[in-house]
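Asker: Before we start, here is the structure in question, set down as structure tokens.
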Amino acid sequence: MANYFNTLNLRQQLAQLGKCRFMARDEFADEAGYLKGKKVVIVGCGAQGLNQGLNMRDSGLDVAYALRKEAIAEKRASWRKATENGFKVGTYEELIPQADLVVNLTPDKQHSAVVKAVQPLMKEGAALGYSHGFNIVEVGEQVRKDITVVMVAPKCPGTEVREEYKRGFGVPTLIAVHPENDPKGEGMAIAKAWAAATGGHRAGVLEFSFVAEVKSDLMGEQTILCGMLQAGSLLCFDKLVSEGTDAAYAEKLIQFGWETITEALKQGGITLMMDRLSNPAKLRAYALSEQLKEIMAPLFQKHMDDIISGAFSSGMMADWANDDVKLLNWREETGRTAFENAPQFEGKISEQEYFDHGVLMIAMVKAGVELAFETMVDSGIIEESAYYESLHELPLIANTIARKRLYEMNVVISDTAEYGNYLFANAAVPLLKEKFMDSLQAGDLGKSIPGSAVDNAQLRDVNEAIRNHPIEAVGHKLRGYMTDMKRIAVAG
């Protein structure tokens, strides 16, 4: 198998990278109807597998779980989760031949083995579904030509897919049909029904290509969504403690600070996040973010280049073949960091204090979001896609850190995201230590910036620069489709 993207000519690559269409609400008038009366079999019962299955069942679909024989015999976690939630569970041989739609929600590294096992069992004309296109695009999986291949990719961790559905809403979702596998022309109908069954149609659905989803998803999770939060957490904690801040206070400011800050980002973009600061603090955060963008732009560009070329995927798949030695070592190193092992702070930090004492963190968020967005757009990815992969998902990832620090984030995200996160953070931390952290001033982190006179013209220009960034325009439009967004922050 060869990397699918690299088999395309330049025109085809650009066309698939740039495929992105916001779908009208009336396109989902039938909701999940196209799949009602058909059998949906999910392979894998992790965070996405279980929570998508629960939503689909609540939407009236016939859902069962196909697990490996040994997982059933040994009553592993996947078997327990499926059975405890009242789902029918069976082996591949028992359930796959009956399925109209087989949804592969196992980890990326297992996809090839799963497809090899289920494909001979699938009936003619059935459909195969993914929630991430890595196996199709980067591995280059070849699927039988009578099988329809579709993707429904909720833009958040699996736990939030369920929580937003239970709130009566949903999460923004990308859907796609693999152009090499749509023999009956029903791929889009299947994908739309599946997306509606998870609740995604209530928050907005984008019609994508497999290529656009994979390349933008990898870039977002490696840089701003996970890598920047990990690097920022470690750098900010160490900086605070080195300057005499109580370790417990420093830990809480960072652990819950990302979530509180990005809640404003979720509701009103970078503009609202920056408006939560005093005018002197806003000017300082803007200046810091511009410095960060200049320093980190080459790192963001390198990650995008390696994603586009396939170099990132090749390196990660080599680690898969080597029993995840790099991934496991990086995971262990993260667990040993001072931030992860700091004591808990029992006092209360007010919501505004997270902003006032977190100017550097706000600058990191602004710089990371804008850089990820700009780098993706410069590479041919459409602005709407870049928005979802750089800004929209950030509060959801920050929420995982608020639960159990970096450990929780890395447990919830996929192994692919975790690997890319470490790759980015391991480069960003020394880079910023060398070129940035020693230049910080009093009030940038852990204390409020003192009140001072503000130049009106400078403030006007900064406000205009913030509001006129392209991500703010596209964000305003897309948030208009998400009028039922619920607050998720739990900080206190």
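In case you wondered, yes, glycine gets a Cβ from its N, Cα and C as well.
So Swiss-Prot has the following annotated:
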| type | residues | note |
| --- | --- | --- |
| DOMAIN | 15-208 | domain 'KARI N-terminal Rossmann' |
| BINDING | C45, G46, A47, Q48, R68, R76, S78, D108, K109, Q110, G158 | NADP(+) binding site |
| ACT_SITE | H132 | active site |
| DOMAIN | 209-344 | domain 'KARI C-terminal knotted 1' |
| BINDING | D217, E389, E393 | Mg(2+) 2 binding site |
| DOMAIN | 345-485 | domain 'KARI C-terminal knotted 2' |
| BINDING | S414 | substrate binding site |
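Relative to the rest of the structure, where do these features sit?
Answerer: In the three-state DSSP scheme, G158 (NADP(+) binding site) falls into the helix class.
Counting every protein chain shown, the number of other Cβ atoms lying within 10 Å of the Cβ of H132 (active site) is 24. For the recorded site, H132 (active site), the DSSP three-state label reads coil.
There are 26 other Cβ atoms within 10 Å of the Cβ belonging to E393 (Mg(2+) 2 binding site). In the three-state DSSP scheme, E393 (Mg(2+) 2 binding site) falls into the coil class.
A coil conformation is recorded for S414 (substrate binding site) in the three-state DSSP classification, outside any helix or strand. For S414 (substrate binding site), applying a Cβ distance below 8 Å and a minimum sequence separation of six or more within one chain yields P107, D108, H132, E221.
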Asker: Comparing the binding-site residues A47, R68, K109, G158, D217, which residue's C-beta has the most other C-beta atoms within 10 angstroms in this structure?
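Answerer: Compared across A47, R68, K109, G158, D217, the most Cβ atoms within 10 Å surround D217.
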Asker: Could you measure between D217 (Mg(2+) 2 binding site) and A47 (NADP(+) binding site) for me? Cα positions, answer in whole angstrom.
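Answerer: Cα of D217 (Mg(2+) 2 binding site) to Cα of A47 (NADP(+) binding site) measures 18 Å after rounding.
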Asker: Averaged over the domain 'KARI N-terminal Rossmann' (15-208), what pLDDT does the predicted model reach?
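Answerer: Here the mean pLDDT over the domain 'KARI N-terminal Rossmann' (15-208) amounts to 96.
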Asker: Please list the DSSP helix, strand and coil residue counts for the domain 'KARI C-terminal knotted 1' (209-344).
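Answerer: With helix first, then strand, then coil, the domain 'KARI C-terminal knotted 1' (209-344) has 118 helix, 0 strand, 18 coil.
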Asker: Would you mind reading off the Cα separation of E393 (Mg(2+) 2 binding site) from S78 (NADP(+) binding site), to the nearest angstrom?
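Answerer: Just about 26 Å between their Cα atoms.
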Asker: What count of other C-beta atoms do you get within 10 angstroms of the C-beta of C45 (NADP(+) binding site), across all chains shown?
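Answerer: Total other Cβ atoms inside 10 Å, all chains included: 27.
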Asker: What other residues of this chain sit with their CB within 8 A of the center of the CB atoms of D217, E389, E393, the recorded Mg(2+) 2 site?
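Answerer: Residues close to the Mg(2+) 2 site, other than D217, E389, E393: K155, S216, M219, G220, E221, L225, Y388, S390, H392.
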Asker: Taking the Cβ of S78 (NADP(+) binding site) as centre, how many other Cβ atoms lie within 10 Å?
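Answerer: A count of 21.
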